[in-house]
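*Asks:* Checked Swiss-Prot, it gives:
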BINDING   11-18, 61-65, 120-123  GTP binding site
REGION    1-191  region 'Small GTPase-like'
REGION    169-191  region 'Disordered'
MOTIF     35-43  motif 'Effector region'
Amino acid sequence: MGKSCKVVVCGQASVGKTSILEQLLYGNHVVGSEMIETQEDIYVGSIETDRGVREQVRFYDTRGLRDGAELPRHCFSCTDGYVLVYSTDSRESFQRVELLKKEIDKSKDKKEVTIVVLGNKCDLQEQRRVDPDVAQHWAKSEKVKLWEVSVADRRSLLEPFVYLASKMTQPQSKSAFPLSRKNKGSGSLDG
């Protein structure tokens, strides 16, 4: 196990951010249970990557954003990844995710961060307000992975989080500027 990764989980209020984490990590979320508004919370989980290595991930569960509120500045420092959550039964929550992605892009200081997007409540088909094709098209144009999930089906949560942990902890690829002993010239600055 390497370093602990920091992941910020964010989205509009009442889209299921805390429920997703509770179900993923503990398997104990009861659908329909009373919702308690989150101020800010930290969850620590151990996720097996696609390489078979267990990695520790610290999830920063943020307060649901309302009425144009922005993500607090501290959410951008030293962050390795983001989970942006919207509810498939709320077009407004999807639009909030679009804005959050732009905010992250402006604030990440050229640092490589992994972003996954979750469309929660996909089991509520009759209440759907976000077209899955539109959402996938947006995700593709933004170069992020998007999954539709349901807290009621814990298995639907596994793939996105395995992907996230795997991507954040993958070994560094070879440098684009390999150091080679076969230099042209001597490298001397003497005339």
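Backbone N, Cα and C define each Cβ position, glycine as well.
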*Asks:* If you count, for each of the binding-site residues SER14, THR62, the other Cβ atoms lying within 10 Å of its Cβ, which residue has the minimum?
*Replies:* SER14
*Asks:* CB neighbours of LYS17 (GTP binding site) within 10 A?
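*Replies:* A count of 25.
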*Asks:* Measure the Cβ-based neighbour count of CYS122 (GTP binding site), defined as the other Cβ atoms within 10 Å of its Cβ.
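*Replies:* Around the Cβ of CYS122 (GTP binding site), 21 other Cβ atoms lie within 10 Å.
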*Asks:* Under a three-state reading of DSSP, tell me whether THR62 (GTP binding site) is helix, strand or coil.
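*Replies:* SS state of THR62 (GTP binding site) = strand.
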*Asks:* For GLY11 (GTP binding site), just count the other CB atoms lying within 10 A of its CB, please.
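*Replies:* GLY11 (GTP binding site): 28 neighbouring Cβ atoms within 10 Å.
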*Asks:* On average, what pLDDT score does this prediction assign to the region 'Small GTPase-like' (1-191)?
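*Replies:* PLDDT averaged over the stretch: 84.
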